[in-house]
Each structure stands twice: as structure tokens, then as C-alpha cells.
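Input: a single structure, listed below in C-alpha cells.
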Amino acid sequence: MEQMFVHIWVSLVVLMSVWSAQSDKKQDVPVIDVLGLEDVKQTVAAVEKLSLALKTLSDVYVMSTFRLPPKLGGVLLGLYNKQDNKKYLEVAIMSKINKVLVRYVREDGKLHTVNMQSPNVADGRPQSLILRVGGLRREYLSLELYVNCRLADSAQRLPPLVDLPRDAELVEIRNGHKAYARMQGSMDTLKLALGGTVAQAGALTDCPFQGDASSYNIVNGEVNSILGDHTKALIGQLIIFNQILGELREDIREQVKEMSLVRNAILECQMCGFHEPRSRCQPNPCFKGVSCMETFEYPGYRCGPCPDGMTGNGTHCQDIDECSEAQPCYTPGACVNTARGFTCESCPPGMWGPPLSGVGVEYAKSHRQECSDIDECVDLANACTPNSVCINIIGSFRCGQCKTGYVGNQTAGCFPRKSCSSLSFNPCDANAHCVMQRNGDVSCACNVGWAGNGHTCGKDTDIDGYPDRSLPCMDNHKHCRQDNCVYTPNSGQEDADNDGIGDQCDEDADGDGIKNVEDNCRLVSNKDQQNSDTDSFGDACDNCPTVPNIDQKDTDSNGEGDACDDDIDGDGIQNVLDNCPKVPNPMQTDRDRDGVGDACDSCPEISNPMQTDVDNDLVGDVCDTNQDTDGDGHQDTRDNCPDIPNSSQLDSDNDGIGDDCDEDDDNDGIPDNHAINGIGPDNCRLISNPNQKDSDSNGVGDVCENDFDNDSVMDLVDVCPESAEVTLTDFRAYQTVILDPEGDAQIDPNWVVLNQGMEIVQTMNSDPGLAVGYTAFNGVDFEGTFHVNTVTDDDCAGSIFGYQDSSSFYVVMWKQTEQTYWQSIPFRAMAEPGLQLKAVKSRTGPGEFLRNALWHAGDTDGEVKLLWKDPRNVGWLDKTSYRWQLSHRPQVGYIRVKLYEGSEMVADSDVVIDTSMRGGRLGVFCFSQENIIWSNLRYRCNDTVPEDFSSHRKQVLMHIKV
């Protein structure tokens with residue numbers, strides 16, 4: 001045996017020699033441990049090594065191991081200038097879009113960004129990353145990204161990296177724990193390998209890369225050099241070792257035979273008193289109901305698995321709490337954990353759903369309690385006073401005012417008032433319709449395709465609200481004046497040179513003798529065409545005559561463009577000192593001290609200096625939870641009614657509780673909709689009036705008789721009579737959303753807003769994009785005139801509603817002709833003519849998938865759902881005006897779209913039911929189509945559910961109960 005151990009020792013010595021040679025090879029590559037840089041001296045030395053390597057070596061490797069919580073990321077490594085924070089090199093992980101961003105300064109001094117595709121690394125598990133920066137001594141730079149030892153992406157022919165400053169003390173190395181946008185998880189290692197191969201870099205992070213020929217030959221050569229002199233000796237020793245094992249095997253066999261004879265003799269000897277051994281499973285040592293099986297191993301038995309709903313080793317079992325492990329019930333508090341199982345309590349009041357109970361975590365995860373809202377307004381015959389408004393909300397309902405045409409309240413009842421049908425004569429024009437106002441007055445409005453004051457109406461070819469010829473109106477109403485552009489919509493009637501021809505149809509709008517297509521100041525006379533900069537705007541109309549600024553943006557409207565204005569927002573603080581350069585904030589409040597003022601900070605309470613907002617929902621990524629219980633587009637942490645959809649977030653008394661879930665909106669002590677102890681309902685729900693004075697006993701208090709929301713705009717002209725925050729249609733303030741932000745030839749839309757925000761023009765043949773207003777709505781009526789003012793294009797345009805973020809919105813879009821999209825990657829998309837209504841719920845967000853899905857006429861799984869399409873399959877006509885009317889009631893999922901050509905309705909979606917978005921913002925949409933006009937835009941708050949919805953609601957309830 002001693003000789004055998006000697007042979008084994010010799011073999012181990014040989015193997016250790018090989019391992020030692022490999023280990024020595026690993027140490028040949030210089031490595032900088034970034035996490036170990038503790039003082040300035042160490043940092044300077046590291047920068048000097050790195051700077052020399054970037055000049056003399058071909059490759060440098062960034063290596064790290066880390067953990068990231070779901071959807072979080074940050075900067076992994078960065079090289080910055082200590083004096084001005086200039087980036088030399090920065091590597092950041094963008095987990096929400098599964099990308100690694102590499103930013104570096106090129107030799108020409110400009111910042112270059114490379115987006116590299118990465119698998120999901122934000123899952124809470126350990127991850128390894130290697131970034132190879134190659135081609136350092138060549139004309140072009142190359143990048144290779146390895147995630148968990150596999151090549152994830154690469155980029156070739158990149159511009160070279162700029163040299164680091166000669167003075168190493170000017171450069172600061174920041175790791176993910178010290179960067180501005182720090183890593184949100186934990187970082188175990190962060191190293192820089194200076195030179196070497198991918199295999200050697202992999203060896204430093206325990207990544208056994210295969211196929212690296214150079215590394216393989218090095219190791220193989222070393223093994224041969226070490227084993228070459230010992231091969232014969234090693235073979236001889238192994239032969240001896242094999243002989244010893246054979247002899248040992250024979251000895252063991254003899255011992256087994258002898259022990260068997262002794263055992264049989266003992267068992268057959270009755271005098272010894274041995275008896276049949278008792279069963280280890282009697283009595284059953286296992287948990288009640290668990291099977292027992294005898295074994296030869298200690299303790300002589302083995303228990304089966306614990307019963308369903310329990311966990312343990314079979315001997316001891318304890319109950320599993322399915323409520324905490326799986327949360328199967330509609331609300332966490334409704335789950336009751338029982339011995340071996342769980343039971344869900346009944347659905348909350350105002351909701352309906354089948355009972356649910358079961359056993360085990362797997363069952364609880366695969367079966368969820370479903371509770372659907374009961375529409376008391378439909379199911380309860382007398383939920384509210386007859387002829388009053390009943391508003392269904394999730395789990396309940398509330399009673400509003402009397403319906404249009406009735407007067408009174410919930411206590412006294414609602415009685416008929418003067419109405420259009422009860423009039424002894426019709427005061428409206430034959431081409432107009434009667435409209436009942438909130439206060440009971442009657443007014444007239446011209447039908448679509450006609451314009452005037454309602455009492456007198458004339459033909460309106462371009463449907464912009466002005467008649468083709470002037471009308472003899474008694475009140476000299478402005479909409480009785482002749483349209484200065486009969487065939488091109490221009491609801492603002494702009495006429496720069498006052499020649500009676502509107503700017504939209506005037507070939508020389510400013511009257512300077514130079515045609516618009518050649519004029520560098522289309523609306524300002526400038527015969528000399530002087531242009532001191534290079535932005536295509538002449539000095540006479542350029543708000544920055546000596547500084548190029550294509551967008552001519554002027555945030556503070558002081559006549560000086562942002563590009564040359566040292567105080568862009570006009571708050572008295574210069575841009576270089578202003579923590580919100582484009583939003584007035586003279587107090588400069590900055591609660592999270594991230595250098596961005598609260599007035600413009602997308603996360604005012606959490607530091608986020610980069611202000612990234614991937615999904616364009618106006619909430620920064622670092623504080624964006626995407627948890628929205630009621631689906632109204634506001635995450636629960638920012639929602640003033642987290643369980644009731646209320647996109648408008650109206651809070652009339654500023655008590656932090658939204659009006660839709662506040663029993664006393666104006667905080668005057670009078671309940672809004674129900675009488676409590678003889679008090680209420682409030683006859684002025686939004687204006688404090690404890691005395692409830694109502695001189696004419698019409699059910700509306702004196703203080704809100706003609707201005708219900710007290711916003712100084714009479715209800716007759718107020719587009720939202722029950723919201724003091726919205727008074728007129730206005731898109732002058734809007735958010736631009738680019739739906740395909742990456743591409744070879746990126747052309748973004750150019751939006752021009754006219755007529756005080758009631759007309760929008762898009763001039764470019766652009767990539768898909770949106771212009772979205774900042775006002776969010778619950779129920780809304782949205783209408784406008786659509787006109788393509790060109791004959792050279794045939795693509796898509798339309799309007800949007802229910803916008804919550806760049807992955808969640810509704811779009812009404814129209815294509816002129818059938819066409820296959822010219823980029824077949826990631827999939828072939830076919831557009832068809834005809835008006836379409838789509839619900840966008842995109843898993844990927846802005847990019848090539850959403851782009852092709854919008855172009856495609858049908859459904860695209862995980863991206864876009866087609867809700868309705870005009871069966872006529874008719875495209876829009878060049879230079880032809882159309883009027884669309886849209887109604888959306890998100891509380892019940894009601895959607896209806898109507899389209900008019902002239903005065904004739906040519907398309908009607910009928911009632912469409914969809915609850916993908918429970919409210920949101922409004923805007924317009926374009927995709928590869930130029931010269932689009934959205935004119936005479938109007939929106940109006942309206943939560944009243946139309947009568948044509950009732951039959952659809954019954955069908956929905958019947959389907960749920962079955």
C-alpha cells in the first residue's frame with residue numbers, strides 16, 4: 001500500500017506542475033482592480049498604466065461581476081475630467097431596454113455613443129460582463145460584449161478613442177458605486193485587463209472560453225514540456241497501481257464470503273435468541289397521511305413527500321401559507337390561510353366573482369380570484385333619482401346632477417326643464433342642431449360641413465369653422481365671416497400681409513414678391529433675404545439671427561430664441577446657474593440635491609441627474625414603478641385615487657384626495673352625492689358653500705350657477721365645466737414622442753402649432769411620432785378636421801387618445817394606399833387603406849417592432865391590437881378635408897369613432913369596448929406623411945355614458961357571470 005501512495009503522489013506532483021504553469025500564465029496580463037483604488041496615489045498610478053496601455057496595446061478589457069434588481073441599472077465604469085466632469089469613457093447598463101451603452105470621446109472631441117444589445121441581466125442573480133475594447137492601434141475601434149461567458153453583441157469600424165490627458169491627476173476613475181447614475185444593485189468585482197486575449201480575460205473571471213487557438217496552444221505546449229520526460233515512468237507506475245488494485249479486490253471477495261458464513265450461522269442458531277426484526281414503519285414514524293418505506297440505511301425507514309399544502313421532510317410537515325407565497329385573492333387581505341389550503345373571501349362590495357379555494361402553492365399561482373365590477377347604474381333600477389346622472393366607479397357608484405333637460409337634485413328629484421323638443425318653434429338653421437346648455441338655456445350649432453352662428457349656416461368646404469361665403473348674421477358672429485382659404489383648413493384665419501388670402505393658401509404669404517417656397521421668411525416681408533447664420537431662416541424672422549436654430553424654439557416667448565437666450569425660461573436666473581433652464585423656478589428648490597430643480601425633475605425626491613425616461617410617461621426611470629392598480633396611467637405612488645381610474649387627477653380642494661374618491665370635493669362639510677344625517681347632497685360640488693343657497697330652487701347653488709368650477713370661464717364656453725384646470729382646447733404645450741428613435745436616416749416630425757393651440761401642422765416626411773398635449777382626461781369627446789395638403793405622398797396620419805406612455809395608447813390612423821413597409825426586419829408589415837382604430841400595448845416600446853406593428857393593418861402579438869377597421873377600405877384623398885368625432889368613456893371601456901367627408905358621415909365604428917387604457921392624454925400621430933393639417937381641434941370633458949352603450953354593457957355582464 002505504501003508503494004501505491006508513492007505512485008499517486010508522483011502523479012499529483014505532475015498535475016500540480018501543469019496547474020502552476022497555467023496560473024503563471026494568467027498573471028502575465030496586468031490587471032487594475034478598480035474597486036481597490038482607495039486613494040489619489042493609487043488612482044493616478046492606475047490612470048498612468050491605463051493611458052500607456054491605450055497607446056501601446058491592441059486590446060483592453062473591462063470585467064465585472066454584479067447583481068441587479070429587476071429593471072434597474074446604472075453606470076458601471078466611467079473615466080471623467082475632475083475639473084469639468086467631461087466624459088472620456090463611460091459604460092452604463094440600461095436594464096429596461098436590455099442594452100449596454102458605451103459612451104466615449106472621439107479624436108475629434110465629440111461624444112460617441114454605441115448601443116450594444118444585452119440579455120436581461122437585471123434578475124437579482126450574479127452576472128458577469130466582459131467588454132473588449134479592440135483595435136486601439138488601428139484606424140478603427142471595435143467593441144465586443146460578453147455576458148455570462150457568451151458573446152452578446154459586437155460593433156466594428158468605430159471612430160478611435162481620444163488619448164487621456166498627460167496629467168494623470170486630471171482623470172478620475174469612478175465605479176458603479178460612485179458614478180452620478182450609480183448602480184442600483186451590488187457590484188462584486190470591477191477590473192481592467194491591459195492586453196492579452198479573450199481567453200485570458202475570461203480566465204480572470206472564471207469564464208472558460210472555447211476555441212481560442214493561441215491560448216490552447218500555449219497551455220498544450222506547457223503540458224507537453226512538463227510531461228515529456230515523465231511519460232514512460234508515469235505509465236509504469238500506473239501498471240503497478242492497477243496490479244495492486246486487482247490483488248486488493250480478490251482479498252475483499254474472500255472477506256465477504258467468510259462474513260456471509262458467520263452471519264448465516266448466527267441467524268440459524270435458535271439458542272442465540274434472535275427473532276425476525278420488527279418493522280421500522282410500525283408504528284408509522286412519518287407525519288399523518290405520509291407513506292413509510294423500510295430501508296437498509298439508518299434509521300431504517302424513509303418517509304414519502306408531505307401532503308399537498310404542506311412542506312417538510314415527511315417526518316415533520318408544516319402548513320404552507322399560500323396567501324403570502326402566491327397572493328391568489330383579489331386583495332391580499334381577503335385571503336384566509338387554512339390547514340392544508342387557502343380560501344378567498346367574497347369579492348368586495350360592488351364587485352362580482354366566483355368563490356375560490358384550493359390547496360398548494362402551485363394551485364394558488366395558477367388560479368387567481370377574478371372580481372369584476374358590477375355596474376349598479378345598469379343593474380339597480382333606482383340606484384339614483386330618476387332622470388339624474390348615475391356614474392359607475394370600480395366597486396361602487398355615485399349619483400350626479402340631473403340629466404340634461406332636467407332640473408332638481410337627488411333629494412327633491414329631477415323634473416323636465418325647457419328643452420329643444422319642447423320648444424314651440426325651432427330657432428336653429430335647417431343645417432344646424434339644437435344644444436341644451438348646463439343652465440337650461442338653448443343654443444344652436446351648425447352641422448358638420450356647415451359654419452355660422454347656428455341660427456344662420458353656410459357651406460364650409462374645408463370644415464375649418466368658416467363658411468365659403470359671408471353670412472348675414474344679426475350678431476356679426478366671427479364664424480359668419482367668409483373663409484379666407486375656402487379649400488384649405490385654417491381655423492385661425494391667419495393673414496400676414498392682410499391681402500384677404502389666408503397664409504395657408506397664399507403663394508406669397510408676406511407679400512414681399514418672393515414665393516413661399518423660395519422665401520426664407522415666409523410670414524415676414526424681407527426682399528433682401530438676408531440670412532446671417534445657416535439655419536434657413538432670414539434675419540427678419542430669425543429669433544437668433546447669428547446663431548443657427550432650426551426649431552426657432554422660444555420658451556419664454558420674449559422674441560429671443562433659446563439658442564441665443566442666456567435666460568431661456570425668463571425667471572431671472574441665467575442658464576448656467578439655473579437648475580431648470582427651461583422651466584421658470586426662481587426659488588431653485590431641489591429636494592433631492594441632484595442638480596435638477598423640482599420644477600423640472602422627473603423624480604423630485606430621488607436623485608436622478610441624467611433624467612432618463614425610457615417610456616416617455618414624464619416619470620423618471622429611477623422612480624418609475626410601473627405599478628398602476630386602476631390602469632389610469634398614473635402609478636400608485638403618484639395617484640390621488642390609486643384604486644379608482646381618474647386620469648385627470650382633479651383635486652378641487654387640494655387635500656391630496658382626488659375628486660373621484662373624495663366624498664366632499666370642495667371640503668365645505670356637505671357630502672357631494674348623498675345625504676348623510678339630513679345633510680347633502682352638495683348643490684355646488686366644487687365650490688365651498690356651506691349655506692347651500694339656491695335662490696331659484698333649480699338644484700344648482702347660486703355661487704356656481706353659471707360657472708360650476710369657479711374658473712372665471714362661463715360654462716357655455718368652458719370645455720371642462722367641472723374642472724378649473726381646463727378651460728379651452730390648447731395644444732401649444734406638447735410633448736414630442738419619437739416611436740422609432742434609432743435608424744440610418746432619422747427624420748423627426750416638425751410640429752407647427754397655430755390658432756392658439758387649436759390647429760397643428762406637420763411639415764416633414766418623417767419617422768413615426770406623436771405630439772401629445774399635457775392635459776389628461778377621464779371621459780372625453782375629441783374632434784377635429786384632417787387634411788393632407790399635398791399630392792406627393794400616400795402614407796399614415798391620425799390622432800391619439802388615452803396616451804399613458806410611449807407603449808400604451810389608442811390611435812385612430814388612416815393610410816391612403818396599400819403598401820408593404822420597406823424594411824422587412826423584424827417582420828414583414830403590410831399597410832392597407834381605410835380608417836383604423838388600434839390599441840397599442842407594446843412589450844418593446846419605441847423601436848423597429850412597434851414601428852412595423854403600427855404600419856401593419858392587423859394585430860401584432862405583444863405590440864398592437866386592431867379594434868376596428870373601416871370595411872370600405874378607402875384611403876384619404878389629397879387636399880380633401882375630413883372631420884372626425886371621437887367619444888371615449890374609459891370607466892366602462894366605451895369607444896366610438898365617426899368620420900365625415902363634407903356634411904356626409906362616411907364611416908362609423910359603432911360601439912367598441914376596450915379597457916386597455918383607463919384614460920390618458922390626447923394628441924396627433926404621423927408616419928412618413930408630410931404636410932398634414934389638423935384644424936379646428938376641439939376637446940370636451942364628458943363622463944356621461946351614451947345611451948347606445950347599455951345593450952353592450954348587458955352583454956359584457958352576461959359573459960362574466962357565465
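Cβ coordinates come from backbone N, Cα and C, glycine included.
According to Swiss-Prot, the disulfide bond annotation covers Cys286-Cys303 (among others), on the basis of similarity to another entry. Note: Cys286 (disulfide bond) has non-local neighbours Cys292, Tyr301, Cys303, Gly304, Gly314, Thr315, i.e. same-chain residues 6+ apart with C-beta under 8 A of its own C-beta.
According to Swiss-Prot, the disulfide bond annotation covers Cys323-Cys335 (among others), on the basis of similarity to another entry. The Cβ of Cys323 (disulfide bond) lies under 8 Å from the Cβ of Cys329, Pro332, Cys335, Val336, Asn337, Phe342, each of these being in the same chain and 6 or more residues away along the sequence.
Summarising the annotation, Swiss-Prot assigns disulfide bond to Cys377-Cys390 (among others). DSSP assigns Cys377 (disulfide bond) to a helix.
If you look up Swiss-Prot, you'll see Cys384-Cys399 (among others) marked as disulfide bond, on the strength of similarity to another entry. When secondary structure is read from DSSP and collapsed to three states, Cys384 (disulfide bond) falls in the coil class.
Cys420 (disulfide bond) carries neither a helix nor a strand DSSP state and counts as coil. According to Swiss-Prot, the disulfide bond annotation covers Cys420-Cys434 (among others).
DSSP classifies Cys428 (disulfide bond) as coil under the three-state reduction. Residues or ranges marked as disulfide bond in Swiss-Prot (evidence: similarity to another entry): Cys428-Cys444 (among others).
What Swiss-Prot records for Cys473-Cys480 (among others) is disulfide bond, and it gives similarity to another entry as the kind of evidence. According to DSSP, Cys473 (disulfide bond) is assigned to coil rather than to any helix or strand. Around Cys473 (disulfide bond), taking its Cβ as the centre, 19 other Cβ atoms fall within 10 Å, counting all chains.
Within the same chain, residues at least 6 positions away in sequence whose Cβ sits under 8 Å from that of Cys564 (disulfide bond) are Asn543, Cys544, Thr546, Val547, Asn549. Secondary structure at Cys564 (disulfide bond), taken from DSSP and collapsed to helix, strand or coil, is helix. Under the heading disulfide bond, Swiss-Prot lists Cys544-Cys564 (among others), citing similarity to another entry as support.
Non-local contacts of Cys580 (disulfide bond) by the CB criterion (under 8 A, 6+ apart in sequence, same chain) comprise Asp569, Gln588, Val596, Gly597, Ala599, Cys600, Asp601. Residues or ranges marked as disulfide bond by Swiss-Prot: Cys580-Cys600 (among others).
In this structure, Cys623 (disulfide bond) is part of a helix by DSSP. Residues annotated as disulfide bond in Swiss-Prot: Cys603-Cys623 (among others).
For Cys684-Cys704 (among others), the entry in Swiss-Prot reads disulfide bond, with the evidence type similarity to another entry. Annotation for Cys684 (disulfide bond): same-chain Cβ neighbours under 8 Å, separated by at least 6 residues, are Asp666, Gln692, Val700, Gly701, Val703, Cys704, Phe708. In three-state terms derived from DSSP, Cys684 (disulfide bond) belongs to neither a helical nor a strand segment and is classed as coil.
What Swiss-Prot lists as disulfide bond is Cys720-Cys941 (among others). Taking the Cβ of Cys941 (disulfide bond) as reference, residues of its chain lying under 8 Å away and at least six apart in sequence are, in sequence order, Ser648, Val719, Cys720, Pro721, Glu722, Ser723, Val726, Phe777, Asn778, Gly779, Val780.
Residues or ranges marked as domain 'Laminin G-like' in Swiss-Prot: 24-196. Across the domain 'Laminin G-like' (24-196), mean pLDDT in this model comes to 87.
Cβ atoms under 8 Å from those of the domain 'EGF-like 2' (319-358) belong to residues 307-311, 364-365, 367-374, 376, 394-397, 960-961 of the same chain, restricted to positions at least 6 beyond its ends. Per Swiss-Prot, domain 'EGF-like 2' is recorded for 319-358.
Per Swiss-Prot, the feature N-linked glycosylation site maps to Asn313 (among others). In three-state terms derived from DSSP, Asn313 (N-linked glycosylation site) belongs to neither a helical nor a strand segment and is classed as coil. In sequence order, Cys303, Cys306 are the residues near Asn313 (N-linked glycosylation site), counting only same-chain partners six or more apart with C-beta under 8 A.
Around the Cβ of Asn409 (N-linked glycosylation site), 25 further Cβ atoms fall within 10 Å across all displayed protein chains. For Asn409 (among others), the entry in Swiss-Prot reads N-linked glycosylation site.
The separation of Cys384 (disulfide bond) from Cys377 (disulfide bond), Cα to Cα, is 8 Å. Under the DSSP three-state reduction, Cys323 (disulfide bond) is assigned to helix. With all protein chains in the displayed structure included, the most crowded Cβ environment within 10 Å among the glycosylation sites Asn646, Asn710 is that of Asn646. Only Cys434, of the recorded positions Cys399, Cys434, Asn646, Asn710, have a C-alpha within 10 angstroms of the C-alpha of Cys444 (disulfide bond).
Distances between the Cα of Cys623 (disulfide bond) and those of the recorded positions Cys384, Cys420, Asn646 are shortest for Asn646. Around Cys428 (disulfide bond), the C-beta neighbours below 8 angstroms that are at least 6 residues distant in the chain are Cys434, Cys444, Gly454, His455.
Of all Cβ atoms in the shown protein chains, 19 besides its own fall within 10 Å of the Cβ of Cys444 (disulfide bond).
Cα separation, Cys420 (disulfide bond) to Cys603 (disulfide bond), rounded: 51 Å. Taking CA atoms as the reference points, Asn942 (N-linked glycosylation site) and Asn646 (N-linked glycosylation site) are 13 Å apart.
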